[in-house]
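The structure appears below as C-alpha cells.
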Amino acid sequence: MPRLTEQQAAAYWKRNLALMAKLLVIWFVVSFGCGILFVDALNQIQIGGYKLGFWFAQQGSIYVFVALIFYYTRRMTALDREFGVDEDQGA
Amino acid sequence: MDLRTLSYIVVGSTFALYIGIAIWSRAGSTKDFYVAGGGVHPVANGMATAADWMSAASFISMAGMIAFMGYGGSVFLMGWTGGFVILAMLLAPYLRKYGKFTVPEFIGDRFYSRSARAVAVICLIICSVTYVIGQMKGVGVAFSRFLEVEYDTGLYVGMIIVFFYAVLGGMKGITYTQIAQYCVLILAYTIPAVFISLQLTGNPIPQLGLGSAMAGTDTYLLDRLDQVVTELGFDRYTTHERLSTLNMFAYTASLMIGTAGLPHVIIRFFTVPKVKDARSSAGWALVFIAILYTTAPAVAGMARLNLMQTIEPQPGNYLAYEERPQWFSNWEKTGLLAFEDKNADGLIQYSANAGTNEMVTVDNDIIVLANPEIARLPNWVIALVAAGGLAAALSTAAGLLLAISSSISHDLLKGMIAPDISEKAELMASRIAMAVAIVGAGYLGLHPPGFAAGTVALAFGLAASSIFPALMMGIFSKAVTREGAIAGMVAGIGVTLLYVFQHKGIMFMPGTAFLGDSPENWFLGIEPNAFGVVGAIVNFTVAFAVSRVTAQPPASVRELVENIRVPAGASAARDH
C-alpha cells in the first residue's frame with residue numbers, strides 16, 4: 001500500500017479543508033443566510049406562490065444540502081485518486 | 001372492512017415482516033452485532049439511517065409544529081437536515097476510517113484516556129436515554145390511538161417486537177428492519193400528502209403544490225393561508241418568526257450540530273465498507289430524509305388551511321358544533337381536539353385571542369394523524385399512517401438502544417472492566433445489555449419521569465454540547481489533550497443542563513426552576529432547547545484553554561489523527 005510522505009499528507013489535507021470551507025460557506029448562506037438572516041429581503045421576491053426567503057427556509061436549503069454532500073463525495077473521490085489514497089487501488 | 005380491522009391487518013403484516021427479517025438476519029459475531037458485519041451498501045445504509053434518524057417526532061409531530069408556527073417551524077426543517085452536511089464532511093469519513101465499533105471508543109483512543117471514554121459513555125447514555133423515552137411514548141400513543149388498545153399494552157407489544165430483532169440481530173437485524181421501516185413510513189407519509197395536494201391545488205407533487213394556486217382559482221395557496229390565519233388574529237403564516245432572529249439562528253445551529261453528534265446516527269456510518277461509502281451514504285441518507293422533510297411543510301400548510309376552512313368555511317361564518325364532521329368527534333375522544341362553547345351560540349369560534357377562542361385544544365399531532373380523515377381518504381390510507389408512525393418510533397428506538405447497549409458491553413465491560421473477555425462472551429453480554437436496555441426503556445415509557453416532556457429537544461442540546469465538539473477536536477486538532485477534552489465535555493454538557501434546569505426546573509420538576517421560564521430571563525433571549533450551540537462554544541473554549549496548559553498528546557495520538565484523515569488502508573471495522 002502506498003504511503004504518503006508527510007508533505008503529501010499535508011497537501012491532501014489542505015485541499016480537503018479548502019473544499020470543505022468552500023462548501024460550508026454555501027451551506028451557511030442557504031440556511032442561516034437565505035433562510036434566517038436575509039429572509040425578509042428575499043421575501044420581497046416571489047416565485048410562483050412561494051416567497052423566496054420562505055422557500056429557502058422550508059424547501060431550498062434542503063435541496064442544496066443534498067447537492068453539497070454529493071458534490072463533496074465526487075470531488076473527494078477524485079482527490080483520493082490524485083493522491084493515490086483511493087481505497088480501490090490502495091488497500 | 002372497518003377501520004379497526006384494517007389497521008390490525010396492516011400493522012400486523014408490517015410486524016410479521018420485521019420478525020421475519022429478525023430471524024433471517026441473526027448476528028453471528030460481535031462485528032455483526034455492533035456494525036452489521038461492516039458490509040452494508042451505502043444506499044441501503046442511507047435508507048436505514050433515514051429510518052434511524054426520523055423518529056416519532058419527525059413523523060407525527062413535525063408537520064404539526066410547522067402548521068402552527070408557520071415560518072418559525074423552519075428551524076426544525078433546516079436544523080434536522082443541515083446536520084447531515086456536517087456529518088458527511090466533518091465526521092463520518094474519519095470515524096469510518098478509524099474503523100472501530102463505538103463513539104466513546106474513538107474518544108478514548110484519541111484522548112488516550114479511559115476517563116475520557118467513560119465521560120463519553122455517560123454523555124452518550126444521557127443523550128440516548130432522554131431520546132428513547134420519547135420513542136417509547138410514541139409507540140404507546142400510536143397503538144392507543146389507532147388500534148384502540150391500552151397505552152401500556154401497546155408499549156409491551158412494541159418492546160417485544162424490538163426485543164426480537166435487536167437482541168437476535170443487533171446492528172445487523174436493526175439495519176435490515178430499518179430499511180423495511182423506511183419504506184413503510186415514507187409511503188405512509190407521502191400518499192396522504194399527494195392526495196391532499198391534488199385536492200387543494202390539482203398538483204400531485206406536494207412540494208410544488210404548496211407554491212401553486214388553489215384549484216380552480218388564481219389565488220396562491222400560501223396567500224390564502226396567510227389571509228385566513230390573519231383574519232382570525234394569528235400572525236402571518238409565511239413570516240411568523242420563532243421569538244427572534246437570534247433565537248432561530250441558535251435553535252437551527254443547535255439542531256444541526258446535535259444531529260451530527262448523536263451517537264446512534266454516527267454508528268450507522270461504521271457499517272459501510274469504505275470511507276468513500278461513508279461520504280456518499282450520508283448523501284443518500286439525506287435524500288431519503290429530504291423526501292419526508294420537503295413534504296412536511298406542504299402537509300403542514302395544507303392541513304392547517306383545511307382545518308381552518310372546515311371550522312370557518314366563509315369569513316365570519318363559523319361551523320356549528322352539531323354539524324362537525326366525523327373526524328372532529330373521533331379526535332375529540334382522544335383529547336387532541338377540544339371545544340368549549342364559551343359564548344354558548346353552538347358555533348365553533350376559532351381565534352388567536354385566548355379569551356374568545358373556543359378551540360381550546362388543537363394538538364400539534366392532529367395535523368399528521370387526522371390528515372387522511374380531514375382529506376376524506378379511504379380507510380387503508382389511515383391504517384397505513386398508523387403503521388408508518390409505529391415504524392418511525394420503533395426504528396429510532398432500536399437504533400438508540402443499540403448505541404446504549406454497545407457502549408455498555410463494548411466500552412464499559414470489554415473496554416474497562418473485563419478486557420480479556422472472549423468474543424463469544426462479549427456477544428452474549430451485548431445481547432444481555434440490549435435486553436436490559438429494552439426493559440429499562442420500556443419502564444421509562446410506562447412511568448415517564450417529569451422531564452419526559454421536553455426530552456427529544458433536550459437530547460440534541462446535550463449531544464451538541466458534549467459529543468460533537470469532542471469528535472471535531474479529535475479529528476481536526478492534534479493539540480487538544482486528554483485533560484482539555486474531558487474538561488470541555490463536562491463544561492459543555494454541564495452548562496447546557498444548568499441552563500435547561502434553571503429555566504425548566506431541576507430534572508424538570510415543577511417549582512424548581514430557580515430562574516423563571518420566560519423570554520426576559522433567557523440569556524440573549526435564547527430558549528432552553530436552543531442552548532446546545534452555546535454549550536458547544538463553551539466546550540470548545542474550555543478544551544482549547546486547558547490544552548494549552550497541559551502536556552502535549554503523545555506521538556502515537558498524532559499518528560492516529562494523521563491516519564484517520566486519509567482513506568487508503570481503511571480496513572473493515574475491526575476489533576482491537
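Just so you know, glycine gets a Cβ as well, placed from its N, Cα and C.
Over in TrEMBL, the protein carries these features:
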TRANSMEM  B:6-24  transmembrane segment
TRANSMEM  B:77-95  transmembrane segment
TRANSMEM  B:116-133  transmembrane segment
TRANSMEM  B:153-170  transmembrane segment
TRANSMEM  B:182-200  transmembrane segment
TRANSMEM  B:248-270  transmembrane segment
TRANSMEM  B:282-303  transmembrane segment
TRANSMEM  B:380-404  transmembrane segment
TRANSMEM  B:425-445  transmembrane segment
TRANSMEM  B:451-472  transmembrane segment
TRANSMEM  B:484-502  transmembrane segment
TRANSMEM  B:522-546  transmembrane segment
If you count CB pairs under 8 A between the transmembrane segment (B:380-404) and each of B:6-24, B:77-95, B:182-200, B:248-270, B:522-546, the winner is B:182-200
List, by number or range, the same-chain residues at least 6 past the transmembrane segment (B:153-170) whose CB is under 8 A from its CB atoms? 15, 18-19, 21-23, 25-27, 32-34, 36, 136, 139-144, 147, 176-177, 390, 393-394, 397-398, 401-402, 430-431, 434-435, 438-439, 441-442, 445-446
Where among B:77-95, B:182-200, B:282-303, B:484-502 do we find the most Cβ pairs under 8 Å to the transmembrane segment (B:248-270)? B:77-95
Please check if the transmembrane segment (B:77-95) comes into contact with the transmembrane segment (B:425-445), where contact means 3 or more CB pairs closer than 8 Å and the residues in each pair are separated by 6 or more positions. no
Report yes or no: does the transmembrane segment (B:425-445) come within contact of the transmembrane segment (B:6-24), defined as 3 or more CB pairs under 8 Å with a sequence separation of 6 or more? no
Outside the transmembrane segment (B:484-502), six or more residues from its ends: residues with CB under 8 Å to it: 107, 110-111, 113, 115-116, 119-120, 123, 126, 454, 458, 461-462, 464-467, 469-470, 473-474, 508, 512-515, 523, 528-529, 531-532, 534-536, 538-547, 550
